[in-house]
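First the structure, in the form of structure tokens, and then the observations on it.
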Amino acid sequence: MGLVFNNSTIVAPQAKGIIDPNTSKLIGANDQFFQDMNAELSDKGFLVTSVDSLITWARTGSLMWMSFGLACCAVEMMQCSMPHYDNERFGYAPRASPRQSDVMVVAGTLTNKMAPALRKVYDQMPEPRYVISMGSCANGGGYYHYSYSVVRGCDRIVPVDIYVPGCPPTAEALLYGILLLQKKIRRTGSIER
């Protein structure tokens, strides 16, 4: 790997990516952002960017999440952190405190009694903050939609950025939602609320 010297011209080697073992393709092969970045890196050997783009790039690679597991969807959320899926390879690491987290994953049935606690935890998170609503119960009440004590979707309490459908959604679905959130952050930059 290293530089190649051809007639006193320094040429950077072709940029190589990480191959996804499931698809045998480069990770990000279908993503225009990664294609453009790899082309620029292999062409020039360095990247030129703005400070805003650099901060946005750093945010997508270091999302610290906080679990708000309320029911059975939390089991799938825990499975997503296990070695089989290893969501930390995408820079998605758990934190115990809302003051240290960027993302809140609401997984499960949100009751009227729990709604003020959800809002309080959301308000304690620093800006920019993002919310992933995981599962039918968090998205719209689920099986308990018509119950007097259930909030019909956590988006009535906090603004939601990504909805992950399913009852319960699989760990792959949550991982896909995380990747969509990273793409949304890259596309929009900092979200001002």
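Every residue, even glycine, has its Cβ placed from backbone N, Cα and C.
Quick look at what Swiss-Prot lists:
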- Cys72, Cys73, Cys137, Cys167: [4Fe-4S] cluster binding site (BINDING)
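What Swiss-Prot annotates, mapped onto the structure for a quick look.
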{"residue": "Cys72", "record": "[4Fe-4S] cluster binding site", "Cβ contacts under 8 Å, 6 or more apart": "Gly108, Gly135, Pro168"}
{"residue": "Cys73", "record": "[4Fe-4S] cluster binding site", "Cβ contacts under 8 Å, 6 or more apart": "Ala107, Gly108, Met134, Gly135, Cys137, Ala138, Pro168, Pro169"}
{"residue": "Cys167", "record": "[4Fe-4S] cluster binding site", "Cβ contacts under 8 Å, 6 or more apart": "Gly135, Ser136, Cys137, Gly142, Tyr143"}
Extra residues within 8 Å (Cβ to Cβ centroid of Cys72, Cys73, Cys137, Cys167), [4Fe-4S] cluster: Ala71, Ala107, Gly108, Thr109, Met134, Gly135, Ser136, Ala138, Gly142, Gly166, Pro168, Pro169
For Cys167 ([4Fe-4S] cluster binding site): DSSP state (helix, strand, coil): coil
Cys73 ([4Fe-4S] cluster binding site) in three-state DSSP notation: helix
Surrounding CB atoms that lie within 10 Å of the CB of Cys137 ([4Fe-4S] cluster binding site), all protein chains: 29
